[in-house]
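Everything below concerns the one structure shown next.
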Amino acid sequence: MTLITEVRLRKVLDSRGNPTVEADVSTESGGFGRASAPSGASTGEYEAIELPVDEAIANARELAVPRLEGQVYAGDQRSVDQLLHEADGTDDFGEIGANSAVAISMAAAKAGADMLGAPLYQHLGGTFRGSTYPTPLGNVIGGGEHASGGTDIQEFLSVPVGAPSVSDAVHANAAVHGEVRDRLSEQGVAAEKGDEGAWAPPIADSEAFEIMAEATETVGDEMGFTIEIGLDVAASELFDGDQYQYADDARTTDEQIDYVADLVKEYDLVYVEDPLDENDYAGFAELTSKVGEQTLICGDDLFVTNTDRLEDGIERGAANSILVKPNQIGTLTDAFDAVELAVENGYAPVISHRSGETEDTTIAHLAVATAAPYIKTGAVGGERTAKLNELIRIETNV
Ligand SMILES: C=C(OP(=O)(O)O)C(=O)O
Ligand SMILES: [Mg+2]
């Protein structure tokens, strides 16, 4: 039986060295699941609330844990997540914190899988899932909120669209990361790494595009398949309420739309996340109508994994893809619902990590469980490779 008998919460470290919430869920017949909450830096205005960790843990212990222990089955994910919502009582997890909620939600799913003796992706997605794997989007050059002194565009992503397997794709992204390092050092550019392990060199975005084009082509030729380029512009961080402020330029909304549309054409971009401010549905719709046939226009801060915001986007034709971050919305059920609504409406779901991460691998399973076409979880670094290696394990064990 998967009746939850105990929920334990503790404070652990994330990859930035900040405290975060870890949850352990135990069930009546000995099932066990452990999960921890990630944390964003370039967070969307409409995300569920991440409370200070001590507060999140204390409030969840008081309000949520007594409603879960002895009351609900870990295998019944919708009921677990419904109880988390009821215990919280707000619509943004403002009482127990989305950090406590998501850790408990994911730990319960793992306890349910443990009792069933099934891999997590199979428990979440059903027995017919496990034969479709996501293409990993690998962050190899970046800046923005993830590294001071780096590029204006937050993430330049390696996208190994032609890779014959997840394993090849994961190794390709790591190779592109290495190729970028070699090119930067040939040019005498010293680069630190940002929060997600991407190089954060003090170069102009235009130079980053050139290095990306060369590095993806070199590695693609070596590995024998096509590697394209994607971006997370994280444009809300550039928008000052009037214009998009770049180091050497300022762009109006119309200019930003033209700039991104030109980049899509010039660099054959296959993926562009948050090209416009998180409140600009109209701008997203205009850009999507211009280049949506050629590329994915993905809403991260725009949609914040929230089905209400996604419905608004669908109505207006804003974007054709959604980033799915479970901690933006607080439970796996809500994340699943966002994926389903997206797929029903032809929007590509992209399962994603946060810039602050832990060794937790739930998102790798979520991507396989939902047959999501893409996962964004970095290219190198232990908390990133935890997910990438889990994908390889899932692929090679079936
Ligand atoms: C992963 C991202 O960064 P953060 O976690 O800082 O929001 C992102 O913006 O897509
Ligand atoms: Mg983003």
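Even glycines carry a Cβ here, placed using N, Cα and C.
What TrEMBL records for 4-124 is domain 'Enolase N-terminal'. Sequence annotations record features per position, and here TrEMBL assigns region 'Disordered' to 17-41. Taken from TrEMBL, the feature domain 'Enolase C-terminal TIM barrel' applies to 130-397. Taken from TrEMBL, the feature substrate binding site covers His146, Glu155, Glu273, Asp300, Ser352, His353, Arg354, Ser355, Lys376. Annotation source TrEMBL lists (2R)-2-phosphoglycerate binding site at Gln154, Lys325, Arg354, Ser355, Lys376. The active site, proton donor annotation in TrEMBL covers Glu196. Annotation comment: TrEMBL describes Asp232, Glu273, Asp300 as Mg(2+) binding site. What TrEMBL lists as active site, proton acceptor is Lys325.
Overlay of TrEMBL annotations on the structure.
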residue: His146; record: substrate binding site; Cβ neighbours (10 Å): 27
residue: Gln154; record: (2R)-2-phosphoglycerate binding site; Cβ neighbours (10 Å): 29
residue: Glu196; record: active site, proton donor; Cβ neighbours (10 Å): 29
residue: Asp232; record: Mg(2+) binding site; Cβ neighbours (10 Å): 27
residue: Glu273; record: substrate binding site; Cβ neighbours (10 Å): 28
residue: Asp300; record: Mg(2+) binding site; Cβ neighbours (10 Å): 30
residue: Lys325; record: (2R)-2-phosphoglycerate binding site; Cβ neighbours (10 Å): 27
residue: Ser352; record: substrate binding site; Cβ neighbours (10 Å): 28
residue: Arg354; record: substrate binding site; Cβ neighbours (10 Å): 27
residue: Lys376; record: substrate binding site; Cβ neighbours (10 Å): 30
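In the three-state DSSP classification, His146 (substrate binding site) falls within a helix. Taking CA atoms as the reference points, Lys325 ((2R)-2-phosphoglycerate binding site) and Glu273 (substrate binding site) are 13 Å apart.
Using CA atoms as reference points, the binding-site residues Gln154, Ser352, Arg354 were checked against the residue listed as 'active site, proton donor', and the closest is Arg354.
Rounded to a whole number, the C-alpha distance linking Asp300 (Mg(2+) binding site) with Arg354 (substrate binding site) is 11 angstrom.
Selection of the recorded positions Glu196, Asp300, Lys325 by a Cβ distance under 6 Å from ligand 1 yields, in sequence order, Asp300. Ligand 2 lies under 6 Å from the Cβ of the following binding-site residues, listed in sequence order from Asp232, Arg354, Lys376: Asp232. Taking every pair among His146, Glu155, Glu273, Asp300, Ser352, His353, Arg354, Ser355, Lys376, the residues recorded as binding substrate, the greatest CA to CA distance is 15 Å. Sequence-ordered, the extra residues of this chain that approach the (2R)-2-phosphoglycerate site, with Cβ no more than 8 Å from the Cβ center of Gln154, Lys325, Arg354, Ser355, Lys376, are Gly40, Ser42, Glu196, Asp232, Asp300, Leu323, Ser352, His353. For the pair Ser352 (substrate binding site) and Asp232 (Mg(2+) binding site), the C-alpha distance works out to 12 angstrom. Within the set of binding-site residues Gln154, Asp232, Ser355, the entry lying nearest in space to Glu273 (substrate binding site) is Asp232 (CA atoms).
Proximity note: of the listed binding-site residues (His146, Gln154, Arg354, Ser355), Gln154 have a CA within 10 Å of the CA of Asp232 (Mg(2+) binding site), given in sequence order. Cβ neighbours within 10 Å of Ser355 ((2R)-2-phosphoglycerate binding site), excluding its own Cβ and spanning all shown chains: 26. What surrounds the substrate site, by Cβ distance within 8 Å of the Cβ centroid and not counting His146, Glu155, Glu273, Asp300, Ser352, His353, Arg354, Ser355, Lys376, is the set Gly40, Ser42, Asn139, Gln154, Glu196, Asp232, Leu323, Lys325 from the same chain. When the binding-site residues His146, Arg354, Lys376 are screened for a Cα within 10 A of the Cα of Gln154 ((2R)-2-phosphoglycerate binding site), the ones that qualify are His146. In this structure, the CA atom of Ser355 ((2R)-2-phosphoglycerate binding site) is 11 Å away from the CA atom of Lys376 (substrate binding site).
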